[in-house]
Amino acid sequence: MSGAALGLEIVFVFFLALFLLHRYGDFKKQHRLVIVGTLLAWYLCFLIVFILPLDVSTTIYNRCKHAAANSSPPESSNITGLYATATPVPSQHPCFKPWSYIPDGIMPIFWRVVYWTSQFLTWILLPFMQSYARSGGFSITGKIKTALIENAIYYGTYLLIFGAFLIYVAVNPHLHLEWNQLQTIGIAAANTWGLFLLVLLLGYGLVEIPRSYWNGAKKGYLLMKTYFKAAKLMTEKADAEETLEDVMEEVRKVNESIKYNHPLRKCVDTILKKCPVEYQEKMGRNMDDYEDFDEKRNAYPSEKSLVKLHKQVIYSVQRHRRTQVQWQILLEQAFYLEDVAKNETSGTCQFVHTFQSPEPENRFIQYFYNPTIEWYWECLLRPWFYRILAVVLSIFSVIVVWSECTFFSTTPVLSLFAVFIQLAEKTYNYIYIEIACFLSIFFLSICVYSTVFRIRVFNYYYLASHHQTDAYSLLFSGMLFCRLTPPLCLNFLGLTHMDSSISHQNTQPTAYTSIMGSMKVLSFIADGFYIYYPMLVVILCIATYFSLGTRCLNLLGFQQFMGDNDMTSDLVDEGKELIRREKRKRQRQEEGENRRREWKERYGHSREDSTRNRNVHIDPKESNFSDISTNRSASKYTRSNNRNERDRIELLQDAEPLDFNAETFTDDPLESESGRSFLYPPFRYQPGGRYLSMSRSRIFDDV
């Protein structure tokens, strides 16, 4: 099993990152470099989280083996203090190799490659790719030039800070730094920036994640929040449509002014390819209008303005597509939550859907997740499951907050994570150690990463599911993950007292902390910022619990969902009305399709019979002259009758119900009766299965 666990986790984490990227990104439309860069960043960050528990168990085994080799039983009785608890007497607890043991020399190389690759991505490559992806240039050279110009200030700031630091070191005679120390200072600077952002995101996630599950168990809470989202999304959707119309109008003017013989026509063609198909058909270029642009003094747009217009087209089209998809997804969620609310009062114990899913469900799912099981889960079990999960997550949050405030205390050990690890270390229960480490760091990662997926910075950064995230947001999320993961792992090692700079013990460090170097070079960071700044998570948790950030955003004009707010109530009512209109519209569509299907099934056989009778003929060799004349006369009248019958059937099938807008719909049955003549064709049923027109002249009034 040596190294097998490492290989399995490497493969598993790769498919996990690929699955998440497929959910948020679009492999078909987005650039391959964007997909590869984001996938690599996510993969490396998730890999660090999953591999770190193996590093901890391997380090504990190496400590035991080192203590057994360098100490004898008589000398071991003189060992006192915390070091004795960290390395028990070998004669009482023999060291045995864990199942996931990683051979010496592999983990340091592995961590070094993973860490420096992630740092190269987050500080150099991904910022450059962000500017490249948002550039409106028409060539690779133009996009690279734009990206370098936009990142000049970004890179120049870092060079200025690093240069000032080098000058300070050169002037100060008491400082003599070597290359390893400079490397450690660079790592400390990156981790300090990451820890600053980490505590902010962690304080929000520790409170918001348990509260979201607790509120999800309340009746009507999710439905009200969905109504609120519908009202806000409709406003954003209308704004996106208006922005797209304005941009397409600019494209139309440019398309009309720049003809095919203009040198910038290739740029216009590139812009047209990024427009939606319906606009491309409207703005098809006029090849017959030949104009010599040199002989006219028209004001043609410059290449710089076309680059700007190209950038606007990419942004507006992507935003319009995203709002359209999100609106359809939100409608499905609202319809389903309304079905849940209706089925909660049902006594049949059968979950009834208002609309059937357009995609056929798997037979396996239909068999095990039938309407009865769905009713018990949605109406009875799911609220209780969410409540239990919220309580468990709240306990984890309390443990994290307590440990963040007390992990610097080594005598006595107050951090609960350190207590759990040291109890398992006494018996060398490596399975328990790895499970405890994995659950702890996994919960911390969920609190931080979920906040990254939830936050939205206007329309510049927004991770939207169902393949609707743009390239800029994907790359920005990769940058955040690469900057947050190293300080997150160091913070976890500090909580468990596996970091020697925190525990102040002369023990073998983990392979991960060994590549970070000794933080004693910067004592004010190692002994000050890393120790006391995480205590700020208490204040952030209190602020999140009382929704201070949400209230501040409401005061600034950014409407947030709050139950005790009048504006929230108005938006909920508006969203409820929007969902009701969309529900009526879909019901009318389904009713129309059902009527068409019924008419086709009912009268399709009559058409087939009439067609079959028309093809029937009599063989003249098997009948006499009188029979032939009789059959001819009968056949003539039969064909005439069949033709009349066929005309009536075709007229009936062509007269389908007309669709109408939601604004003309009314719930009043009297109004629906008065307007029935506009919805159904004026036919009167006669005995014998025939429909006769009551007003033949009105049928063709619109022809």
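Glycine residues also receive a Cβ, built from the backbone N, Cα and C atoms like all the rest.
A quick note: this is a predicted structure, and the numbers were derived from the prediction, not measured.
Counting residues 6+ beyond its ends, the transmembrane segment (6-21) has Cβ neighbours under 8 Å at 35, 38-39, 42-43, 46-47, 50-51, 54, 100, 102, 106, 110, 474 in the same chain. What TrEMBL records for 6-21 (among others) is transmembrane segment.
The transmembrane segment annotation in TrEMBL covers 33-52 (among others).
Annotated transmembrane segment per TrEMBL: 109-132 (among others), in sequence order. The list of residues near the transmembrane segment (109-132) in space but at least 6 beyond its ends in sequence, with Cβ under 8 angstroms from a Cβ of it, reads 6, 33-34, 37, 40-41, 44-45, 47-48, 51, 55, 143-144, 146-148, 150-151, 154, 158, 190, 471-472, 475-476, 478-479, 482-483, 485-486, 511-512, 514-515.
Per TrEMBL, transmembrane segment is recorded for 152-171 (among others).
Residues or ranges marked as transmembrane segment by TrEMBL: 183-207 (among others).
With a threshold of 8 Å between CB atoms, the same-chain residues lying at least 6 positions outside the coiled coil (230-257) that come near it are 268, 271-272, 275-276, 279, 282-283, 285, 298, 300-301, 306, 309, 312-313, 316-317, 319-320, 322-324, 326-327, 330-331, 334, 559, 571-572, 574-575, 578-579. For 230-257, the entry in TrEMBL reads coiled coil.
TrEMBL lists 384-401 (among others) with the feature transmembrane segment.
Among the features that TrEMBL reports, transmembrane segment is placed at 431-452 (among others).
Residues annotated as transmembrane segment in TrEMBL: 472-493 (among others).
The transmembrane segment annotation in TrEMBL covers 529-548 (among others). For the transmembrane segment (529-548), same-chain residues at least 6 beyond its ends with a Cβ under 8 Å from one of its own Cβ atoms are 192, 195-196, 199-200, 202-204, 206-208, 211, 397, 400-401, 404-405, 407-408, 490-491, 494, 501-502, 519, 562.
What TrEMBL lists as region 'Disordered' is 582-645.
TrEMBL lists 588-624 with the feature compositional bias 'Basic and acidic residues'.
The compositional bias 'Polar residues' annotation in TrEMBL covers 625-641.
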> Any chance the transmembrane segment (183-207) and the transmembrane segment (33-52) are in contact, meaning at least three CB pairs closer than 8 A with a sequence separation of 6+?
Replying inline: no
> Counting only residues 6+ away from its ends, which parts of the chain sit with a Cβ under 8 Å from the transmembrane segment (384-401)?
Replying inline: 202, 206-207, 209-211, 213-214, 216-217, 416-417, 443-444, 447, 495, 537-538, 541
> the transmembrane segment (431-452): which same-chain residues, six or more beyond its ends, come within Cβ distance under 8 Å?
Replying inline: 49-50, 52-54, 56-57, 60, 98-100, 198, 201-202, 204-206, 208-209, 393, 396-397, 400, 417, 420-421, 424-425, 463, 477, 480-481, 484, 488-489, 491-492, 495-496
> Could you give the mean pLDDT over the coiled coil (230-257), rounded to a whole number?
Replying inline: 93
